[in-house]
Ligand code: UDP
């Protein structure tokens, strides 16, 4: 089936696959693009990833892995631009993408796969110019995000909603991470159900695997006998790390003997508007009187992240909205149960009462109660840990790629007429 596809153009305008995930705009989408590209290349399919150059020091092309090139397109000033400024750079970016392809024979790429709404517009122009099908992954949806905002968060602008509607209209196939997201594309954006495919993201089961918690704690300089709770990811209101801190403050107030025996590790960096207030979470910890309990760590590469998961008793993912939640699956793959909000993709990523606990809403009291129950009951944790490994094993990037290839092949059946006037 896959032999018809030789080259894929992947478009990720607003964030580069070369960036470290876990801070700024780099997160699960970056991981998705890299993992998929490497596996497509391993099957003999060349992947070019088009992204916006964020530094003058970047060469026009970086080889990410054999068969995977990152094309750093100059569009606007090199420094990191705020997402709100990026729509103004779409023209430059699009012409950079078209110029690259123009250096090849016509028909160089077989399919264009764009990620996040900002990449949809250049992908649509490329689709028309190159006469190839366009597959689009939204990753997050503004209409969904806007219904789950924290009190102090800023709604996604109307411009993005409109942009997403245009992408839904113009893509040949839309990819959703979960059935839930597929339903949202149909119900909220009016997508044609026959053009929506669900492909689950994966987890790198060779990096994220169970291992010795004692060894991991030693490496990370964590006390061997403490309870360890873990939060991993971009620090922004939507991820709700504040819910974890408030829950911990409650637990400590109710169980004084816990102080000195509990560590809360927060691994990740500020993202979204939290970038203008990078110390906000530290301030909250101080305000709640738990600064001595919380350890803040900068984002780290995935092999080190696996050590954090192994060292933890429970990973907490209290997100207000989550299109999938790779962190939850990675933690489970390492044998660490997850306490998560029953929101979006987390309902797929975590199996309630089997691999972790899903909590309705974001009341810190509910989280405190569940976390305390888990910390106090090692046998329950051990059972969930076994369930977590089993559940995570059902997600692998190889099956993601297998499904993607059938989607690409299906998309290639769509007749796209080359147009020379669209750019
Ligand atoms: N991540 C990482 N290092 C860090 C923190 C996070 O590599 O220090 C990665 C993590 O392994 C996961 C991704 O960032 O694959 C976050 O994905 P998720 O779907 O949980 O959240 P998103 O960022 O997409 O909202």
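Glycine is treated like the rest: Cβ placed from N, Cα and C.
What TrEMBL records for this protein:
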type	residues	note
BINDING	14, 25, 26, 27, 28, 29, 30, 83, 116, 140, 160	1D-myo-inositol 3-phosphate binding site
BINDING	20, 21, 28, 234, 239, 322, 330	UDP-N-acetyl-alpha-D-glucosamine binding site
BINDING	309, 310, 312, 336	Mg(2+) binding site
DOMAIN	27-202	domain 'Glycosyltransferase subfamily 4-like N-terminal'
DOMAIN	217-388	domain 'Glycosyl transferase family 1'
Can you tell me which of 21, 28, 116, 234, 310, 336, our binding-site residues, come within under 6 Å of ligand 1 at the Cβ?
21, 28, 234
Integer mean pLDDT for the domain 'Glycosyl transferase family 1' (217-388)
96
Could you tell me the C-alpha distance between residue 14 (1D-myo-inositol 3-phosphate binding site) and residue 309 (Mg(2+) binding site) in angstrom, no decimals?
29
Can you see whether DSSP assigns residue 160 (1D-myo-inositol 3-phosphate binding site) to helix, strand or coil?
helix
Could you tell me the C-alpha distance between residue 28 (1D-myo-inositol 3-phosphate binding site) and residue 310 (Mg(2+) binding site) in angstrom, no decimals?
20
Nonlocal neighbours by CB distance (under 8 Å) for residue 336 (Mg(2+) binding site), same chain, sequence gap 6 or more
230, 309, 310, 312, 313, 314, 315, 385, 388
Could you check the binding-site residues 14, 160, 234, 239, 310 and say which one's CB has the most other CB atoms within 10 Å?
239
Close in space, distant in sequence - residue 322 (UDP-N-acetyl-alpha-D-glucosamine binding site), Cβ under 8 Å, 6 or more apart
341, 343, 344, 345, 346, 349
Counting every protein chain present, what is the number of Cβ atoms, excluding its own, within 10 Å of the Cβ of residue 330 (UDP-N-acetyl-alpha-D-glucosamine binding site)?
28
At 10 angstroms around each C-beta, which of the binding-site residues 26, 312 has the fewest other C-beta atoms nearby?
26
Record-annotated 1D-myo-inositol 3-phosphate contacts 14, 25, 26, 27, 28, 29, 30, 83, 116, 140, 160; largest Cα to Cα distance in whole Å is 20
Apart from 309, 310, 312, 336, which residues in this chain have a Cβ no more than 8 Å from the mean position of the Cβ atoms of those residues at the Mg(2+) site?
213, 216, 230, 306, 307, 308, 311, 313, 315, 331, 334, 335
Using the alpha carbons only, what distance in Å do you get between residue 30 (1D-myo-inositol 3-phosphate binding site) and residue 20 (UDP-N-acetyl-alpha-D-glucosamine binding site) once rounded?
8
Sort out the sequence-distant neighbours of residue 21 (UDP-N-acetyl-alpha-D-glucosamine binding site) for me: same chain, 6+ apart, CB within less than 8 Å of its CB, listed by position.
27, 28, 30, 31, 299
Between the binding-site residues 116, 309, where is the Cβ count within 10 Å the lowest?
116
